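Here's the structure, in structure tokens; my notes come after.
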């Protein structure tokens, strides 16, 4: 019985990892290049990837994408960005 449970668990894990890999192939690099990751230069919050990442210009002369201290508020602001996540 234990062997069957372990076998089924491995089978489910194999199918899950295959579907995740297929989802990654659906989004080309050009689509993910529309927004910047953490520490990427930015001009507005919409230039940064992720719902909790904001464009921070307070601590230096150049603006960079940083993790927001208020992720819920940032997610609401990001909802109004056009074609960027």
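Note: Cβ is positioned from N, Cα and C throughout, glycine not excepted.
Residues annotated as signal peptide in Swiss-Prot: 1-16.
Neighbours of residue 49 (disulfide bond), defined as other CB atoms within 10 A of its CB across all chains, total 17. DSSP gives residue 49 (disulfide bond) a coil state; it is part of no helix or strand. The disulfide bond feature in Swiss-Prot is assigned to 35-49 (among others).
The feature disulfide bond is assigned by Swiss-Prot to 42-55 (among others). Of all Cβ atoms in the protein chains displayed, 21 besides its own lie within 10 Å of the Cβ of residue 42 (disulfide bond).
Among the features that Swiss-Prot reports, disulfide bond is placed at 46-81 (among others), with the record citing a curator's inference. In the structure as shown, the Cβ atom of residue 46 (disulfide bond) sits within 10 Å of 17 other Cβ atoms.
Taken from Swiss-Prot, the feature disulfide bond applies to 48-65 (among others), supported by a curator's inference. Note: residue 48 (disulfide bond) has non-local neighbours 35, 36, 37, 40, 42, 54, 55, 65, i.e. same-chain residues 6+ apart with C-beta under 8 A of its own C-beta.
Per Swiss-Prot, disulfide bond is recorded for 57-63 (among others), and the stated evidence type is a curator's inference. If you take the C-beta of residue 63 (disulfide bond) and look for same-chain residues 6 or more apart in sequence within under 8 angstroms, you find 41, 42, 43, 55, 56, 57.
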Cα-Cα distance linking residue 81 (disulfide bond) and residue 49 (disulfide bond), given in Å to the nearest integer: 11
Cβ-Cβ neighbours of residue 55 (disulfide bond) (radius 10 Å): 19
Other CB atoms, at most 10 A from the CB of residue 65 (disulfide bond): 22
Intrachain C-beta neighbours of residue 81 (disulfide bond), sequence separation six or more, cut-off 8 angstroms: 45, 46
Greatest C-beta neighbour count within 10 angstroms, which of the disulfide-bonded residues 35, 57: 35
